[in-house]
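First comes the structure, then the notes that go with it.
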Amino acid sequence: MGTEISEPLIIDKETIDGGGIESEHVPEWKDQITIRGLVVSALLGTLFCIITHKLNLTVGIIPSLNVGAGLLGFFFVKSWTGFLTKLGFQVTPFTKQENTVIQTCVVACYGLAFSGGFGSYMIAMDEKTYQLIGADYPGNRAEDIKNPGLGWMTGFLFVVSFLGLFSLTPLRKVMILDYKLTYPSGTATAMLINSFHTHSGAELAGKQVKCLGKYLSISFVWSCFKWFFSGIGDSCGFDNFPSFGLTLFKNTFYFDFSPTYVGCGLICPHIVNCSVLLGAIISWGFLWPFISAHAGDWYPTGLESNNFKGLYGYKVFIAIALILGDGLYNLIKIIYITAKEMCNKSTQESKLPIVNEVIDNESSKGPAEQRKRENIFLKDRIPTWFAASGYVALAAISTATIPIIFPPLKWYMVLVSYIIAPALAFCNSYGTGLTDWNLSSTYGKIGLFIIASLVGSDGGVMAGLAACGVMMSIVSTAADLMQDFKTGYLTLSSAKSMFVSQLLGTAMGCVIAPLTFWMFWTAFDVGSPDGPYKAPYAVIFREMAILGIEGFSELPKHCLALCAGFFVAALIVNLLRDVTPKKISQFIPIPMAMAVPFYIGAYFAVDMFVGTVILYIWERINQKDAEDYAGAVASGLICGDGIWTIPSAILSIIRINPPICMYFGPSLSS
């Protein structure tokens with residue numbers, strides 16, 4: 001599973017309402033969902049699915065693409081309506097409610113590329129991951145193999161992805177109006193959309209779109225140029241440019257000229273980028289060279305690079321220890337915060353790490369404004385009986401279907417999962433509303449360990465991985481839906497249109513996400529440890545399932561002690577981040593971000609750090625410009641590189657190889 005990072009959106013407070021809303025005309029919920037909006041949603045959903053797959057299969061860090069989705073949705077519909085108007089046609093005005101529906105559809109669609117397990121639990125079942133771990137590795141059985149297939153992947157997504165939408169719908173009034181949960185990302189998205197539909201905001205949005213288009217073009221052309229020098233194999237081209245010399249290159253420290261990772265560095269907070277680089281320095285700069293120096297003592301020499309009895313085992317298990325330590329700490333913390341706040345029935349005075357700039361102080365709005373928001377939000381009710389019966393019906397279908405797709409996962413295990421899932425979905429959604437942290441992957445890992453250990457060696461790996469997918473899908477989509485309800489509340493969008501657009505976006509994602517993944521799977525060597533699409537979390541998730549069955553008996557020498565040390569270190573570092581003053585805690589690294597390069601390498605950390613340095617300098621030179629355009633520049637860089645993936649995949653499928661191999665090596669002595 002990738003690590004999703006949300007970028008801060010800092011928008012002028014005056015833009016959130018877009019003028020006096022008391023007299024603003026609000027279209028009926030059916031009019032908020034349009035054919036043109038759905039077409040744009042499908043196009044953007046396809047693009048962002050490709051980008052998400054690429055990031056998931058390479059480094060596993062997924063920045064929030066909401067800025068790009070909002071800007072491009074606004075641009076496409078505005079361009080279309082402007083074009084038709086010039087031709088003399090009468091067109092329906094583009095409203096912020098329609099803009100919100102498009103945003104919701106796109107995020108629901110590409111969200112399945114992230115939570116659908118294409119870079120984690122689903123691909124962990126394939127034969128290549130099985131072979132990477134080793135046929136003789138205890139607990140790694142050939143029977144626990146299920147290679148990707150369009151049919152079963154699409155079917156699995158259809159039977160698990162909709163339940164989360166029905167699980168918490170009856171609680172939308174409680175979560176949004178009664179508890180007044182902040183949902184920072186949902187509120188920030190509403191601020192963005194509201195700003196587009198004011199005069200000054202539309203002017204800025206136009207400039208941002210031009211900026212995005214400019215850097216999208218530059219990124220696309222640069223990616224195309226790089227392809228010509230990438231040759232055959234994995235050692236050619238700019239992706240293997242020894243920027244800091246050959247010695248550091250061997251330890252994966254080099255700049256690989258990737259627009260995607262530089263764009264991620266521009267979007268992700270500085271502390272995330274610095275944490276990733278620090279993790280790379282600790283692992284590839286010190287820890288792995290130190291362990292390698294003990295080859296022959298700690299582990300046998302002459303092993304293959306992907307043998308778990310050698311250095312590879314340390315890389316994977318220490319990364320797992322950091323991820324689990326960080327996830328467990330934050331899970332306990334969110335549950336504690338949730339329980340405390342629910343007892344107090346107030347979030348107004350909580351000292352939580354939320355986005356304080358978010359404008360959600362209802363007392364600052366006029367009574368008429370607040371009443372209108374609440375009336376629109378409650379007007380188009382989604383009946384409780386409909387939500388409950390929908391959940392029961394979908395759970396019944398899923399309980400009957402999943403054991404057919406994954407025989408080791410018995411029907412009663414699926415049923416128990418669906419009985420307890422709404423409670424977990426509520427905890428996750430409440431925690432997301434308070435802190436903006438969606439811990440769906442942590443809930444998924446807990447389900448993985450429990451089911452794998454219960455089933456045991458006879459099918460436990462397959463059952464654990466499938467259960468991980470079931471749990472993640474429910475808690476993730478439930479939290480996303482509440483974010484969308486918050487966005488709809490602040491943009492005067494109907495709750496019913498939000499729910500329907502989530503359904504439509506999820507349906508799109510169930511088709512588009514597998515199809516776009518299949519493009520990668522067919523065109524590239526996905527899962528190869530030496531290739532660009534390593535799918536790093538596939539090995540990690542399969543090892544977690546094996547760990548749930550076999551325990552720690554097969555770890556290399558001192559590996560368990562190192563894992564325990566890093567697990568405890570993750571807990572301590574997180575605790576320090578929470579108990580120290582903000583002026584100190586803002587410089588304490590994030591263990592989850594540090595864990596990613598432990599297994600993958602340092603090269604993408606260098607790229608992301610370049611992005612954060614560019615942003616830092618930009619902010620010092622012109623803070624306003626950086627706030628207005630950094631998201632557009634980053635989205636352009638990521639989208640351009642993502643679009644190039646399509647022609648690159650087509651060229652690979654029809655066996656057209658790059659004509660030049662640019663290779664770097666030591667000079668030969670005369």
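For all residues, glycine too, the Cβ spot is worked out from N, Cα and C.
Because TrEMBL annotations are produced automatically, they should be read as predictions rather than curated entries.
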Seminar exercise, completed: Matching 209-227, 437-455, 627-645, 646-664 to TrEMBL annotations, transmembrane segment lands on 437-455
Exercise. Should the transmembrane segment (101-124) and the transmembrane segment (33-53) be scored as in contact, given a threshold of at least 3 Cβ pairs under 8 Å and pairs 6 or more apart?
Worked result: yes
Exercise. Do the transmembrane segment (596-618) and the transmembrane segment (461-482) come together with 3 or more C-beta pairs under 8 Å, pairs six or more apart in sequence?
Worked result: no
Exercise. So, does the transmembrane segment (437-455) come close enough to the transmembrane segment (311-332) to give 3+ Cβ pairs below 8 Å, pairs being at least 6 apart in sequence?
Worked result: yes
Problem set entry | Distant-in-sequence neighbours of the transmembrane segment (382-405), which means Cβ under 8 A and at least six residues beyond its ends | 152, 155-156, 159-160, 162-163, 166-167, 169-170, 172, 411, 414-415, 418, 422, 466, 470, 495-496, 499
